[in-house]
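Student: As annotated in Swiss-Prot:
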BINDING   LYS12, ILE13, SER14, GLY15, GLY55, ARG59, TYR166, ASP169  ATP binding site
REGION    20-25  region 'Involved in allosteric activation by GTP'
BINDING   GLY54, ASP72, THR133, GLY134, ASN135, PRO136, TYR137, PHE138, SER139, THR140  UMP binding site
Amino acid sequence: MSSSKYKRVMLKISGEALSGKKGFGFDFDVTQRIAKEIKEIVDMGIEVGAVVGGGNIWRGRNGEEMDRTTADYMGMLATCINALALQDSLENIGVKTRVQTAIEMKEVAEPFIRRRAMRHLEKKRVVIFAAGTGNPYFSTDTTAALRAAEIEADAILLAKKVDGVYDKDPNKYDDAKKFDKLTYIEVLEKGLQVMDSTATSLCMDNNIPILVFGLDKPNNIKKVIMGEQIGTIVSK
């Protein structure tokens, strides 16, 4: 067993992270590395739920000339492709996994049923939640916050391409300042790019800490679980 203070976590992985340096599609070396890092914490006794974004395949802003609802549904389907890719990488290394979707597609995945998801987690299966909330106008960040509340996760691990939360884009500004700790209110008031305001508010209302870190370096998921200060913690 681990000495982590977290028993059950929700891992949110951006779709872009799966594309690595390619910027689109999949970098399977990255997908396999993420799977190995998830296996590490599963082997420590941590129960893991996961939500993957769809930005490596489709982003709503790509469809500016489209109906917003249609564009959002396309994004939801993109997350299903990513969920199946992650499931495959996990099962190839012996991690028992289930994909649950908010839009029914029973030939490829289970429908989202909270009690069933909880049972899978108790049996040490990784549960990947796909197709967002099943509704347009909600991001995968909101999905992660909602599912985290539903499965009673102790924290959200927010894996991004940057290594924490900054006051401005560190890729554009050399003087960008990184925060070690923030409150939910500070994130909302400053308009910081952590999660969108709906997701942040959900975490605040349910007292779910958000641990923001970069996926660029190996073993960061385990480091965050073990309490190493490598990113930004958002809490009360």
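Cβ atoms here come from the backbone N, Cα and C positions, even for glycine.
Given the structure is predicted, the values throughout are model-derived calculations rather than measurements.
Tell me about the surroundings of these features in the structure.
Tutor: A coil conformation is recorded for ARG59 (ATP binding site) in the three-state DSSP classification, outside any helix or strand. The Cβ of ARG59 (ATP binding site) lies under 8 Å from the Cβ of GLY75, each of which sits 6+ residues away along the same chain.
Counting only same-chain residues 6+ beyond the ends of the region 'Involved in allosteric activation by GTP' (20-25), those with a CB under 8 A from a CB of the stretch are 56-57.
Listed in sequence order, GLY132, MET195, ASP196, THR198, ALA199 are the same-chain residues at least 6 apart in sequence whose CB falls under 8 Å from the CB of SER139 (UMP binding site).
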Student: Between ASN135 (UMP binding site) and GLY55 (ATP binding site), what is the CA-CA distance rounded to a whole number of Å?
Tutor: 17
Student: Quick one: pull the CA-CA distance for GLY54 (UMP binding site) versus ILE13 (ATP binding site), whole Å only.
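Tutor: It is 10 Å, counting Cα to Cα.
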Student: Highest Cβ count within 10 Å among the binding-site residues TYR137, TYR166: which residue is it?
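Tutor: Of the binding-site residues TYR137, TYR166, the most buried by Cβ count within 10 Å is TYR166.
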Student: What's the number of neighbouring CB atoms sitting within 10 A of the CB on THR133 (UMP binding site)?
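Tutor: That number is 19.
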Student: Within the chain of SER14 (ATP binding site), which residues six or more apart in sequence place their C-beta under 8 angstroms from its C-beta?
Tutor: VAL52, GLY53, GLY55, ALA159, LYS160, LYS161
